[in-house]
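**Student:** Below: one structure in structure tokens.
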């Protein structure tokens, strides 16, 4: 008891001390709140790459990756996590970070809405959410009075273009472009942002005029309203914005002329007014803009001579003026004092000599001057232009010999001198252009031999030397070109044999050696080029028989006419090329069974004695040999028959318990392939690679090195007489005769015992539907645009073959992305002919085939499927490829499909086409290609069948959309090379 007062006294002292310490050092409640907010923020994100693994509950937020704290208070003031593959959504908990001044999450995959609670971050100065997948309307951010940088461009935001933006008068940078707003005008209130230096409103569905209030933004440095539908005359008031360094007005509907007052913009570095409706003569005053680096005015209606003052500019790097009506001589000094790297002056009416100084500073990479009227020789100075990557000066009137150094461009990917009047030889120096992928020299007057040095161009894909005066033999070194896909040497004076080494060109698709003086036989080794699709040897002096092995190829075109060939025409080749492909070969003949389909076409029927020489001694010898063979065959046959009888008895004894109702297997084999029936029919459920209402697909690895095949087991009845089996086999035989690299190869059909099996070639990369949904390392899509384009072209060619080159034509009736298979090189193959029909059996069926989302609208009220029904379905596939969307998605709305969605998005306005492109693969240099494919998809899905193109037209248009060959601007106004 005596100790209690002391204890009490000690307790009081401790309490007082603790209170004092709490007063001096209060607990960091703020830090706890911030940490909780940050972890709620983290939990709403999908961090598949573990970028936020340093965020640990035991640590201070100040050591978290991407977090910045105030050095004095320790409070969180910044979140910066750009381009780190984050997905998920932004948590409203961000509003608890009241001291936050920077929220920067650009270039991720974040979706959902911008949380309106963000306005509670009153100290926010930087809000950067550009290049994500945010959707919904923009919340009213005007309470953020301190905001200086607002960039939410490059998302999927919608709704109206908000006028409250004009109340944020501290803004220095404003980026709202590349979103999906409703059509609207630029609000006048933007003129109140007096501190604004950067304004980005491109692709915002804007219409109407540029409000005059914008021309009061005296601090403005960058003005970008490209890719809208802004109309009216070019604004003369823009000359008041003397601090401008960049003007982007491309792809609008501006009219009128460029005013001479443009000279006031003395700081201007980039000026892009391309793809409008501007006209008149460009003012000479443009030549006084000494800081100009980029000038693009392509795709307008400008006329007259191009301003000579551009020749005095010393900083100009990019000049793009194609598709106008400029005339006269091109200013001689352009490039003399400036470091040009890109020049496109194509599709004008320039005359006179070709400009001399475009590569004066040895930095020119892209030179496109096609389709003008330039004449004379190519200036010798270009022989030293080793920086060139892409050269296209075709379709002019250039003449004379090409300077030697011009052939050796070590970095060039493409050289196109076609459709001129150039002479001389193709120099052996061409072998030094080792990066070349396309050499296009057709329609000139080149002579001499094809240089052997072409064999050094190991990256070459296309060689076009047709319609010249070339002579000599085709060099065997061409066989070293492993990447070659097209070789056109037609209409020259080439002699000698077709080189056997061509078999080594394993990617060759298109081979044309027509109209030369080639002799000898067609090499049997050509059948080893599995990719070969088009073969033209017409108009030569070839002899011998047509190699039967050529039927192994997946040819869609063949022409051997006008030679001296003899012997039997393989029926499969006759089916591909028709009799005209073999005409003017007097010694060629067709089998009797093929004669009916080739009546009156000048082909004789093969005789069994056609090749026997008629001298008596040989006849006697042959007769003796024939009798000897008959005797041997008879004796052998007797032994074989006896052996077979014994074996049959043994088998009958072994199998006497087998159900007598089991039918024998009927095997229809369409390719030379060793198949074991038991191996095909003993399917393992572990190897199922696909299934549907019609049956299952199995992967089967054949023994004896037979490779891998896909076996489709079809559900069906018991196979009784009259159940349709005979018809099915007949149709399978038609499909089995198809020979096209873009149609899945059917090896065999097995029917019997109540089952039916189809044996197909195996496709390593599955189907297009799956591939479009796959991502690879880094979150990138498996299919970039180059792969998607390749798939589109291949599939189109396959369907075109079915429609136009098969006899009778075949209507697929179920074209869809899951029926387009992909091999190891992403070559597409049309597959699944379960509902396909040959056209000559009638166009009307008792039920509608096809898949919802792909079916043409006319099939809703008619069973008359036609080729145009397939075209519609293929159009849906094209829309899948360019948008990355599925045919049916919830976001389209009830009862809506991808066709409805795309049409509603562009609102019949072609200037909004970019809004529906898949941003995962979209880039400046392939945008034009994507838009062309999109337009073809829209044309194919036109409601009226008669307005849809044929598949041949589709193929032709898709060829024009090649992203690797485009010679013009993309629709963003950026140059496409």
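Placed from the backbone N, Cα and C atoms, the Cβ positions cover glycine too.
The following feature annotations were taken from Swiss-Prot:
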type: TOPO_DOM; residues: 32-620; note: topological domain 'Extracellular'
type: CARBOHYD; residues: 85; note: N-linked glycosylation site
type: REPEAT; residues: 97-121; note: repeat 'LRR 1'
type: REPEAT; residues: 122-146; note: repeat 'LRR 2'
type: CARBOHYD; residues: 128; note: N-linked glycosylation site
type: REPEAT; residues: 148-167; note: repeat 'LRR 3'
type: REPEAT; residues: 168-192; note: repeat 'LRR 4'
type: CARBOHYD; residues: 205; note: N-linked glycosylation site
type: REPEAT; residues: 219-241; note: repeat 'LRR 6'
type: REPEAT; residues: 242-265; note: repeat 'LRR 7'
type: CARBOHYD; residues: 243; note: N-linked glycosylation site
type: CARBOHYD; residues: 251; note: N-linked glycosylation site
type: CARBOHYD; residues: 264; note: N-linked glycosylation site
type: CARBOHYD; residues: 301; note: N-linked glycosylation site
type: REPEAT; residues: 313-338; note: repeat 'LRR 10'
type: CARBOHYD; residues: 325; note: N-linked glycosylation site
type: REPEAT; residues: 363-385; note: repeat 'LRR 12'
type: REPEAT; residues: 386-409; note: repeat 'LRR 13'
type: REPEAT; residues: 411-433; note: repeat 'LRR 14'
type: REPEAT; residues: 434-457; note: repeat 'LRR 15'
type: CARBOHYD; residues: 469; note: N-linked glycosylation site
type: REPEAT; residues: 482-504; note: repeat 'LRR 17'
type: CARBOHYD; residues: 491; note: N-linked glycosylation site
type: CARBOHYD; residues: 615; note: N-linked glycosylation site
type: TRANSMEM; residues: 621-641; note: transmembrane segment
type: DOMAIN; residues: 683-965; note: domain 'Protein kinase'
type: MOD_RES; residues: 801; note: phosphotyrosine
type: ACT_SITE; residues: 814; note: active site, proton acceptor
type: MOD_RES; residues: 846; note: phosphoserine
type: MOD_RES; residues: 854; note: phosphotyrosine
type: MOD_RES; residues: 861; note: phosphotyrosine
**Student:** Which of these recorded positions is closest to residue 264 (N-linked glycosylation site) if you go by CA atoms: 85, 325, 854?
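**Tutor:** Nearest listed residue in space: 325.
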**Student:** Determine, using Cα-Cα distances only, which of these recorded positions is closest to residue 469 (N-linked glycosylation site): 128, 251, 491, 801, 814.
**Tutor:** 491
**Student:** List the Cα distance (Å, whole number) between residue 854 (phosphotyrosine) and the residue listed as 'active site, proton acceptor'.
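**Tutor:** Answer for this pair: 8 Å between alpha carbons.
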**Student:** Could you measure between residue 128 (N-linked glycosylation site) and residue 85 (N-linked glycosylation site) for me? Cα positions, answer in whole angstrom.
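**Tutor:** The separation of the Cα atoms works out to 16 Å.
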**Student:** Suppose we draw a 10 Å sphere around the Cβ of residue 205 (N-linked glycosylation site). How many other Cβ atoms does it contain, all chains included?
**Tutor:** 21
**Student:** What is the three-state DSSP composition of the repeat 'LRR 17' (482-504), stated as helix, strand and coil residue counts?
**Tutor:** 5 helix, 6 strand, 12 coil
**Student:** Go ahead and report the DSSP secondary structure tallies for the repeat 'LRR 6' (219-241): helix first, then strand, then coil.
**Tutor:** 5 helix, 6 strand, 12 coil
**Student:** Can you work out which residues elsewhere in the same chain, 6+ from the ends of the repeat 'LRR 7' (242-265), have a Cβ less than 8 Å from its Cβ atoms?
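**Tutor:** Residues 197, 202, 218-234, 236, 271-286, 288-289, 291, 296, 911, 971-973 contact the repeat 'LRR 7' (242-265) from elsewhere in the chain.
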**Student:** What is the one among the glycosylation sites 85, 243, 251, 469, 491 whose Cβ has the most other Cβ atoms less than or equal to 10 Å away?
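**Tutor:** That would be 251, with the most Cβ atoms nearby.
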**Student:** What is the nearest of the recorded positions 85, 243, 814 to residue 491 (N-linked glycosylation site), using the Cα of each?
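**Tutor:** The smallest Cα gap between residue 491 (N-linked glycosylation site) and any of the recorded positions is with 814.
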**Student:** For residue 801 (phosphotyrosine), which of the recorded positions 205, 325, 814 has the nearest Cα in space?
**Tutor:** 814
**Student:** Quick one: of 128, 264, 325, which of the glycosylation sites has the smallest count of other CB atoms within 10 A?
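**Tutor:** Output over glycosylation sites 128, 264, 325: least Cβ neighbours within 10 Å is 325.
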**Student:** Spatially, which candidate from the glycosylation sites 85, 243, 251, 301, 325 is nearest to residue 205 (N-linked glycosylation site), comparing Cα atoms?
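**Tutor:** Its closest listed neighbour, by Cα, is 251.
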**Student:** Fill in the CA-CA distance, the residue listed as 'active site, proton acceptor' to residue 325 (N-linked glycosylation site), as an integer in Å.
**Tutor:** 47
**Student:** Mean pLDDT for the repeat 'LRR 14' (411-433), as a whole number?
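**Tutor:** PLDDT averaged over the stretch: 95.
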